[in-house]
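See structure below.
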Amino acid sequence: MAKKKATFICQECGYQSPKYLGRCPNCSAWSSFVEEVEVKEVKNARVSLAGEKSRPVKLKDVDNISYHRTQTDMSEFNRVLGGGVVPGSLILIGGDPGIGKSTLLLQVSTQLANKGTVLYASGEESAEQIKLRSERLGDIDNEFYLYAETNMQAIRTEIENIKPDFLIIDSIQTIMSPDITGVQGSVSQVREVTAELMQLAKTNNIATFIVGHVTKEGTLAGPRMLEHMVDTVLYFEGERHHTFRILRAVKNRFGSTNEIGIFEMQSGGLVEVLNPSQVFLEERLDGATGSAVVVTMEGSRPILAEVQSLVTPTVFGNARRTTTGLDFNRVSLIMAVLEKRCGLLLQNQDAYLKSAGGVKLDEPAIDLAVAVAIASSYKEKPTSPQEAFLGEIGLTGEIRRVTRIEQRINEAAKLGFTKVYAPKNALQGIDISQGIEVVGVTTVGQVLKAVFS
């Protein structure tokens, strides 16, 4: 067992004090001190459950077979992780309350129980409550263990007894170590419990999933160090009033950080959405103004999404701008370009923009679709339902090239689109599917003239 010493650290500058201070003497910040625990390692502190101490090995002698990924029955979940669950990995999943984090992990756990032993430790629900929720997810394998406990030492004891292949902690803010002062969810408790879980996962090849709460700003609650300690950080996103959920990787040591998985919450649990483009566009109205379609890339997957805009004359002194699912600063930049380079008088217009379906669009390739949607609403002229738009807009009004242009265009062709406006200088040497017309453009003014003339 490690020797622990409590100290107080300023979260602004890192100044340390043996006692709590209301104001930091180094940076003058108020109420910035939190209790931390200094851990001094003692001999033989970090060993596996079998009592084996870790030793240095040559890189060429490391057995790759021990890191064979375990596949779940959900291809969307496997994609986000980089191809499956890696033994010994520490995976942190965050999301808003009620978004479905526990449902997702319970569903994944039931599938992993067919391929190994699963220990599901919950500090938020009793075993009876979890059993009630699991009944709608299908049959449960015998190798699925439930444990309602908040004491980390007790959880460690059961890990030593059961020796699971997969461990689920729901949630990290409810687990506490009796060796550390402080309430559940405090900075010192979260950090120490995570460190112990990391040691257990790495020394015993236990794939560990940790549920983390988020703050009102949408970031993971607890110390920032929590995200640095784990191997993978996933965010489970979605509007509470929509059935669609998006699992997004923001850190992944074993795969890409650009992949997303899309699910739909149904009465029987989460169901994969294998063709998200069709889902996001199925409710689009033909002939509606203020609508444009873009082919966005989420990792290696092209997805067609709809950008909607509503431009109305302002009745107040200052025009109002509102965005949902789009970057506010990017929208403001595009509106400034439209006003300066294309002659659209938008300074006295309110503008409300959103991405339909709750998907977040934040890559430069959406610029042209945003500009067309704004112009469509302003001019009261609809776009063709078979047209899509690709391209980044520069401050001089030029259309810049985007990545994976060929893959984007072919995806639009698969879904029945007949025309795509794309950067002209990005179309050389690409293989385009039959039945789709690709219009190379150089300026945003050229696009607006072609679409609305």
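Glycine residues also receive a Cβ, built from the backbone N, Cα and C atoms like all the rest.
Looking at 10-27, 46-63, 64-81, 82-99, the range tied to zinc finger in Swiss-Prot is 10-27. Note on Swiss-Prot: of 216-220, 251-255, 296-300, the range annotated with the feature motif 'RadA KNRFG motif' is 251-255. Mapped onto DSSP classes, the region 'Lon-protease-like' (350-453) shows 41 helix, 26 strand, 37 coil. Neighbour counts were taken at the CB atom with a 10 A radius for the binding-site residues Pro97, Gly98, Gly100; the maximum falls on Gly100.
In the three-state DSSP reading, Gly98 (ATP binding site) counts as coil. Surrounding the centroid of the Cβ atoms of Gly95, Asp96, Pro97, Gly98, Ile99, Gly100, Lys101, Ser102, where the record places ATP, the chain contributes additional residues within 8 Å, namely Phe236.
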